[in-house]
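What follows is a set of notes on a single structure, which appears directly below.
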Amino acid sequence: MDLEAARNGTARRPGTVEGDFELGSISNQGRNKKKKVNLIGPLTLFRYSDWQDKLFMLLGTIMAIAHGSGLPLMMIVFGEMTDKFVNNAGNFSLPVNFSLSMINPGRILEEEMTRYAYYYSGLGGGVLVAAYIQVSFWTLAAGRQIKKIRQNFFHAILRQEMGWFDIKGTTELNTRLTDDISKISEGIGDKVGMFFQAVATFFAGFIVGFIRGWKLTLVIMAISPILGLSAAVWAKILSTFSDKELAAYAKAGAVAEEALGAIRTVIAFGGQNKELERYQKHLENAKKIGIKKAISANISMGIAFLLIYASYALAFWYGSTLVISKEYTIGNAMTVFFSILIGAFSVGQAAPCIDAFANARGAAYVIFDIIDNNPKIDSFSERGHKPDSIKGNLDFSDVHFSYPSRANIKILKGLNLKVQSGQTVALVGNSGCGKTTTLQLLQRLYDPTEGTISIDGQDIRNFNVRYLREIIGVVSQEPVLFSTTIAENIRYGRGNVTMEEIKKAVKEANAYEFIMKLPQKFDTLVGERGAQLSGGQKQRIAIARALVRNPKILLLDEATSALDTESEAEVQAALDKAREGRTTIVIAHRLSTVRNADVIAGFEDGVIVEQGSHSELMQKEGVYFKLVNMQTSGSQILSQEFEVELSEEKAADGMTPNGWKSHIFRNSTKKSLKSSRAHHHRLDVDADELDANVPPVSFLKVLKLNKTEWPYFVVGTVCAIVNGALQPAISIILSEMIAIFGPGDDAVKQQKCNLFSLVFLGLGVLSFFTFFLQGFTFGKAGEILTTRLRSMAFKAMLRQDMSWFDDYKNSTGALSTRLATDRAQVQGATGTRLALIAQNTANLGTGIIISFIYGWQLTLLLLSVVPFIAVSGIVEMKMLAGNAKRDKKALEAAGKIATEAIENIRTVVSLTQERKFESMYVEKLHEPYRNSVQMAHIYGITFSISQAFMYFSYAGCFRFGAYLIVNGHMRFRDVILVFSAIVFGAVALGHASSFAPDYAKAKLSAAHLFSLFERQPLIDSYSGEGLWPDKFEGSVTFNEVVFNYPTRANMPVLQGLSLEVKKGQTLALVGSSGCGKSTVVQLLERFYDPMAGTVLLDGQEAKKLNIQWLRAQLGIVSQEPVLFDCSIAENIAYGDNSRVVSQDEIVRAAKAANIHPFIETLPQKYKTRVGDKGTQLSGGQKQRLAIRRALIRQPRVLLLDEATSALDTESEKVVQEALDKAREGRTCIVIAHRLSTIQNADLIVVIQNGKVKEHGTHQQLLAQKGIYFSMVNIQAGAQNS
């Protein structure tokens, strides 16, 4: 059972919070259904606040309470003032013929009003200070805490053990790091201050009500318990749905990140639509949840407003009774009514704050759960033994092991192995038998389930984890380089290494020569996952990185598998030298590389069945003997033909020209060359680069995306206008009510009051429907827009050409971050926010119209302050927009570092570079933090000005109002009407200004999204243009093709390459690492177009053929195959996305690739998930799946780039036979370093310096005694050494 496949499994851990949002194994679904929605406690959300943050929050809260108390206190002043006016009303009934007796009361009234104006101004000054401190301090505290949460979360991820990553998968963690922490940031900042402000307004309103008129307050409060209950239900519903919505978006984010990370594979197999469907499926789930949330929340909201208006009706009726019976003055009744009114309306204004806080609690549950998860193997721990010296004696004693993700499948079943200090031990055996697992256990990436592993007689569990890993150097099968310079990549081996030591290590690894040919030499950027370099070049840098550690123990897992013949011979010599004095464990499928090992251990089914030297094991005729026999048969012809001494050949022909050592960049089929002109500062993403050439977008353009939902907007806007107009309508009723309490018959007064009370009840019933419809329609339209934006953005990304993905700014991490944050920020200014803005605008607009009708002079005075509020709003928007832009760039830069570290966590851990990545990440968080500090002050100042102007305008209003009344220009009731209409309007305007930060962010994000939507790629994967030939024979011609990668125009790759392969022929491309072989494959796939010359298929230029048709004719198997985190069956079926591939066909394909028996041993067989990038499978198993994936599309042309390099001997033989069979009747282009696999090719082409130097059959090229002859000679010599 070749079951090393389980080694990096991603089956999900049962019984943990992550189950709520994971891609999830079927076995956990039942458990997850039973689980409750998880939220953390409100105070726990602030667990990362230090004394300074707590001080900020305390002062911010105190000031929020002071700010919130301002309006109810103002109502006391208003009540007293109303009594003054009503008492004096009889004196100012006539507009003309003033008598001397009227002048004195007029002067007294004006003096009284001046006193009240000072009260208002005093309150305004207090609010100016309080509002600034409230907003700025809460924003400052949030910025500081978010920085700490990001740091702690990233630190927690880096310290987890490998078994945790196997269960979790890495892609969702990146989504959590961007999306979820943004939600926490939204929930713990200024919105908390605004919540306390609203709560203070609520309580202050009721306290004032009780003091001024407890009877009336109690009557109004009778309805409050029902109101409170509906608010509680509303909050609960919101948080439940928010949690589910988060989970759906996390899944969508994981799909997007996976597809963007494997973009070449997606495009080559035409999988864009399939990825888009997978993505949209999760988005649809999120949308449905969002719509349900909108319905539930807004029914609660409608009920709340119905209850509020019902309480007003009751208040008016009872209040009028109290005034008529002389228990209350009209001023008292007004104070009580207005205080309760303002207090009750503050509940509605708290709604977005409660929503944001609920989202934050849901997001924080998952984040804090990960932070609190204590790993059993903690690489940050200082505990454990750190010996002064290590000899390097290793002992594996009865080691049993199963991967945590697949506890029921045993990998090692009693491994026993002793390695003496300085010895080299080679582990051999079939793919998936447990060899790599052994190396992982030695590094303590996992702990054995039974048995012990010791170094120098000490159990490795007693060593300090970091110390243990530092004495071990690792070179793995698929080396991971980081997106920085070559020198920095080598420095990851050991932090304090000098440049001289780097050069020494590079020379030992045979990489010095190719590095010195690069324009930037050691400062050349290697691209994401080392994509600028060929496989061989990456491998040599990885070897240099291991050597620079000067490790006591060296672990080589297929360290030379990706090298060409010449490099392999030289690197092998370097490794032999490096092994001197070190304990070395080697895994190699190419057995010629391990025959000089001191001990060779034969693995079979998780145990060592034999060990000894090469000659001893050959005599035993066991596992090793069988493997050697199978492997040597392939290269026998070579060894028979070359008994000649290589030195003689060189002397005779002057061969092995320097030319074929050429190290011009080749791009491994994963990604192309990316620009390195810019050195280190490119890593920081040039400050202006991200937003250069991104034109600003009008918000109408965003709304146009919602035009199909126009009926929702029409209904929502009408309802918002009605809701906005309801409040000024109350102003008219109020002024009429005050007018009733002049002189007159009490029975008539009571009758009129009853009528107005019924009007209020009617408004309540109306508001139930209008508030529900407003919230629901805008909410639904917002959810649809969100889904559409995300879907369009992802679709637009998948449409782009390779040169766009080669750009450093468009790395997987940056794109995933952009996909999550841009959508969230645009949604932040649409949907329910848009509804509130429409409502508040209608409120102010209606208020102004009514005010002009009843008193234009006073209205003009009040409106004269509006420009000041507007200017402060505009300044706020501009400054916040600048901050949003800087913030976005800095967070994307941090996101890239995090994504790279998380995706390559095994390499980071092996190199003990967790601290380095953490410090890089923390450094990138400084700028967003500095921005948040600036933003706090800007936002605080502008917010406080807009809030305080309201009070100053009231001071002016009533002072001027007194003058107008005294001079007979207005009646008191009209002053009240104008005042209250403008009060409600100004409150609304104040709340509208609080959305400025969201709007600033949304504008920037919208600009980014539209620049992406509108970008026309040079090669459009979605294009329907071009020829669709009925028949394709399969002949391929390259005519004088010249090509440089777009991002490095000064580095020629192909320089006039011409070659032809006829229908059904097999063409083999050979040449040294980096000579342009894979570039040929990429041009054929039309990842790029040649700069000069043509690529022809059946005589037709590739550019003229429809791109989808063209790629459908090609099947590709690359050097490092990329599998997707879905089932084995789905991965095989991915080969042909134009149809539904049947299960029978999938099984037949698996049998043909010799992987069916292995799949049958798995618990879920073909439904087994292969893990992130296929990490549950061994290299050989992945490669076999990739071959079947390519063949299932029945291509006319088969492209094999090192298709068998990762296979063990036994698998290689079987797969090679399968490939030989697959080639029948097909045109085949093969790239191979192992020349024994291509000797039967119809045509072998030797590429050097981007041109064809030799071509012919195996025999013809041998006869020429040229470059190919030398390559074969070296390889045959290595095979027989």
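Placement of Cβ uses the backbone N, Cα and C atoms for every residue, glycine included.
Taking the Cβ of T1079 (ATP 2 binding site) as centre and 10 Å as the limit, one finds 31 other Cβ atoms among all the protein chains shown. When secondary structure is read from DSSP and collapsed to three states, T1079 (ATP 2 binding site) falls in the helix class. Taken from Swiss-Prot, the feature ATP 2 binding site applies to G536, R1048, S1073, G1074, C1075, G1076, K1077, S1078, T1079, Q1119.
The N-linked glycosylation site feature in Swiss-Prot is assigned to N91 (among others); the stated evidence is sequence analysis.
Swiss-Prot lists N97 (among others) with the feature N-linked glycosylation site.
Among the features that Swiss-Prot reports, phosphoserine is placed at S27.
Mean pLDDT for the region 'Interaction with HAX1' (625-649) in this predicted model: 48. For 625-649, the entry in Swiss-Prot reads region 'Interaction with HAX1', with the evidence type similarity to another entry.
Marked as transmembrane segment by Swiss-Prot: 51-73 (among others). If you look at the transmembrane segment (51-73), the same-chain residues 6 or more away from its ends with a CB under 8 A from one of its CBs are 123, 126-127, 129-131, 133-138, 140-141, 144-145, 192-194, 196-202, 204-205, 207-208, 339, 342-343, 346, 947, 951, 987.
As annotated by Swiss-Prot, transmembrane segment applies to 119-139 (among others), with the evidence given as sequence analysis.
Summarising the annotation, Swiss-Prot assigns transmembrane segment to 189-210 (among others).
The annotation transmembrane segment is assigned in Swiss-Prot to 218-238 (among others) on the grounds of sequence analysis.
Non-local neighbours of the transmembrane segment (297-318) in the same chain are 215-216, 219-220, 222-224, 226-227, 230-231, 233-234, 237-238, 241, 336-337, 340-341, 344-345, 347-348, 351, 355, 730, 733, 737, 753-754, 756-758, 760-761, 763-765, 767-769, 771-776, 779; each lies 6+ residues outside the stretch with a CB under 8 Å from one of its CB atoms. Positions annotated as transmembrane segment by Swiss-Prot, on the basis of sequence analysis: 297-318 (among others).
Note on the transmembrane segment (333-354): residues 68, 71-72, 75-76, 78-80, 82, 191-192, 194-195, 197-199, 201-206, 208-209, 212-213, 216-217, 220, 227, 231, 234-235, 238, 301, 304-305, 308, 311-312, 315-316, 319-320, 322-323, 730, 734, 738, 832-833, 836, 987, 991 of its chain, located 6 or more positions outside it, place their CB under 8 angstroms from a CB of the stretch. Look at Swiss-Prot and you will find 333-354 (among others) tagged as transmembrane segment.
Taken from Swiss-Prot, the feature transmembrane segment applies to 714-734 (among others), supported by sequence analysis. Long-range contacts of the transmembrane segment (714-734) within the same chain: residues 312, 316, 334, 341, 756, 759-760, 763, 766-767, 769-771, 773-774, 776-778, 781, 835-836, 838-847, 850, 976-977, 980-981, 984-985, 988, each at least 6 residues beyond the stretch ends and with a Cβ under 8 Å from a Cβ of the stretch.
The transmembrane segment annotation in Swiss-Prot covers 758-778 (among others).
Per Swiss-Prot, the feature transmembrane segment maps to 834-854 (among others).
Summarising the annotation, Swiss-Prot assigns transmembrane segment to 856-875 (among others) and lists sequence analysis as the type of evidence.
Summarising the annotation, Swiss-Prot assigns transmembrane segment to 938-958 (among others).
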Tertiary contacts of the transmembrane segment (218-238), as residues 6+ beyond its ends and Cβ separation under 8 Å: 206, 209, 293, 296-297, 300-301, 303-304, 307-308, 310-312, 314-315, 318, 336, 340, 344, 347, 354-355, 358
C-beta crowding around K1077 (ATP 2 binding site), within 10 angstroms: 27
Neighbour count (Cβ, 10 Å) for G536 (ATP 2 binding site): 29
